[in-house]
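First the structure, in the form of structure tokens, and then the observations on it.
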Amino acid sequence: MNKFQSPKKNQIGNLTTRVVGVFLIIFLVVGGFGYISYNSFNSLNNSVRSLASAEETSEQLNELFRDMMKAENLIRIYIITEDDSTFREYNQLKDSINIGLKDLQKAIGDDPLRGRKVDTLKSLFDLKQEMLTDFLALKKKQLRNAYTDKALRELNLDGKSNDQIRQLQSTSVSPKSDSLVGGEVSYRVVEREKQAKGIIASLKRLFGSREVVYDTIPVLDAENDSALVTNGTGYVKRLVDGDSLVNRIEEILTDLRAEERYYRNLLSLREYRILEQDQNLLFQIQETLNELTSIERRTNLSKQEEAQNVADEATNTLFAIGLVGLIGSGILLTLVFRGVSRSNYYRQRAEMEKNRAERLARIKEEFLANMSHEIRTPIHSINGFLGLLQDTELNEDQVKYLRTINGSASFLLRLVNDLLDLSKLNAGKVTLHNEGFYPSHLLGEIIDSFKPQADEKGIELKYAFKADKDLALETDVFRFRQILTNLLSNAIKFTEKGTVDLTFQWNNKYNVAKINISDTGIGMTPEEQRKVFSSFSQADASITRKYGGTGLGLAIVKKMIELFDGAIDLISTKGKGSDFTVRIPMQLASKEFQEVPQSDEKIKSLKDLSAAVVDDDPNNRLLMSKILISIGFEVSVYENPKEFLDKIEKQRFDFIFSDIQMPDIDGLTLSKILRENHQDNFEKLVAMTAKGESRPDVQENKSNFDSILFKPFSRVELINTVFNLAEIEPEKEVFSEKPKSDDGNSSELDISEIKVFAGDDPEMIRNMIEGLYGNMQNDIANFRSYAQQNEIDNLRKLAHRMIPSWSHFSFDTVSQKLRVLEETIESNPDASEEIYLMADDLAEEMSADIALIDKWLRRQSHIA
């Protein structure tokens, strides 16, 4: 088994590691996906931002180009039209362009190539503004040159000329005539520039394309020294020295015209150069803008490629991680699947091994049961014949031989009982059956049974009962007695001299009985104490050789105490002795658990009362009738309810005692019939049952009965029930129970309960025992037959009916086992194998116990 379990544990560990590995890979893959996705998202986000920034830069360049073209158009219009609003709009646009250039520098940031281009663009724009400023200044200077005033200044240099000019200035020609007073008017052809209006004419003048026209102007005749000119008011004056003045004016005008033409040509030349430079600057600006646009386009393409590369790289990385994770998970999942398959295989093998172990345990249990049956039967026979031999005349040697045989047989019987108890405890088949008892009486009986053994070894056996002497408790008395017997037996066995003390204490607060058994024996080391409660184990091998024993006693004690939900503590010192402390929770006995002797007057008060006993068990009918007759009842007994129902129509009863479980018509059905149809024919209806009070069928029909007696009940309980229902107050004195024998292993028959029923009349006692003995023999035969033929339901009914009979002889072990058998059949009727083993075991015990009745009856016949 160990060889098989080790690989399984290793496999489970490997499987756990693989599962953890799968989850770790999944965690790493998901984490890697998340990390790379986050970084890729950030990179793509930065690329998108860069692309957006590049798009904004391109839009700024295009906007700057549009603004520069618009400014160029505005300044040209201003040069032609000299419109101030156009010039103001031009200045605003120029400021906007400067701001745009600054924003463009900020947007480009630390990029050296684009930064240089933007700086160049700004320098060219500034240079263009400087040249335009120079051009406008030059043009304004030209416009400020007033040639008429200059000519007048030239004429003003001569006083005569000045007078003549003043005369000329005051002379006017009549608008109505071109004639001159005193002379004829002649005309002279002159050259002048055509003053055309409109944008086209202005652009022509701006770029030096002039249109010359010829005109005639009136002049005075040279032969006339003076001439009269009609003025605007109608009078005429004469021009004095006309030729000299005209010549002078012509000379001055000619010089000024030449000077004007010179400056005009110079201005045109400078204007042309400025325009040529402006065109070059404009071309450079446009080229710079184109270069910046091209750089931005290339940058955008680079950013797009970078973003695409980031996306491709992230996709490839994620694909690679996913592929690696998929492959790794696949490998580990394959290993996990293999591990699960192996685990299932090992689990199936373990289940098979478990079933095999359980089967071996059952076989072992069956073997122990069969072995105990095979051993106990001859042992009981040996004990029976030993008892018969003891009643014969024996010499001293024969008595010695019988004592030795008796001791060996008793040892074998205890060993078999211990093996059976241990087997049942390990299988969980031992159940507790609580009943009321007086601890002071029970412990007194146990002490009394061990006194001969202690006296034989010269050991002082002490006993202290530190509680109320009348304390009544409820527990499984048989198992409780077994625990104390084993502990006390061990204490005496391992004590050569000194004392053995037994102390009982009751904790009323927690309802716990504390029993302390101490001795001054050989004691134990701490290592020996650790293994003393193990099965088939004793503290030392030398102890087995010296004291004997199988090492089962304390193991059984510990398991039984645990069955009580109790605890056992051990304090021991090597060479000084041991101290065992047992704590077992118990409940206080019910108020009905008391034995009350009734006075003769009160017994006489029951005279003339009638009672009917309905029970299919003849033993119960016999005992009930004896008890009821002894307290004054007139008793009628009936084997089945049908017979009783025929009688009750013609007869009235004060009390009806009915068993619950009966064939054909059970006690519950009988109670309903009586309550519905015969209520006037009886006073009190009492149920008798071996079923627990908590059984549903009992609880449902409890109201049909005036009281319920639970088997096995004592004579005292029966009398108290009668007194309560008859409203007769019982005596208050409480006295102890009649002492009972140890158990069925005693060689003497306990007839104390029979004496309670029959009194001190030997004939009645004998008659009752003979009747019970015959019925019990028939029950055993039927019991074996039902078990062998697998008649489970009949076996259950018979077990239920046999419980009171065996309880009357204080065969507590058999009574409890009958009750356990009944409960087992009711809870699991299909467990035929287990039921058969229990029944077979029980039949052997009943045969051994009934041999004591047979022995008692033969002894009474011999006495008679």
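Using N, Cα and C of the backbone, Cβ positions are placed for all residues, glycine too.
In TrEMBL, annotation is done automatically, which means it is predicted and not curated.
Under the heading coiled coil, TrEMBL lists 44-74. TrEMBL lists 370-588 with the feature domain 'Histidine kinase'. Annotated domain 'Response regulatory' per TrEMBL: 610-726, in sequence order. Residues or ranges marked as 4-aspartylphosphate in TrEMBL: Asp659. Taken from TrEMBL, the feature domain 'HPt' covers 761-860. If you look up TrEMBL, you'll see His800 marked as phosphohistidine.
Here the domain 'Response regulatory' (610-726) has, by DSSP, the following mix of helix, strand and coil residues: 54 helix, 29 strand, 34 coil. Helix, strand and coil counts under DSSP for the domain 'HPt' (761-860) come to 89 helix, 0 strand, 11 coil.
Asp659 (4-aspartylphosphate) sits 11 Å from the residue listed as 'phosphohistidine', taking the CA atoms of both as reference points. The predicted model assigns the domain 'Response regulatory' (610-726) a mean pLDDT of 82.
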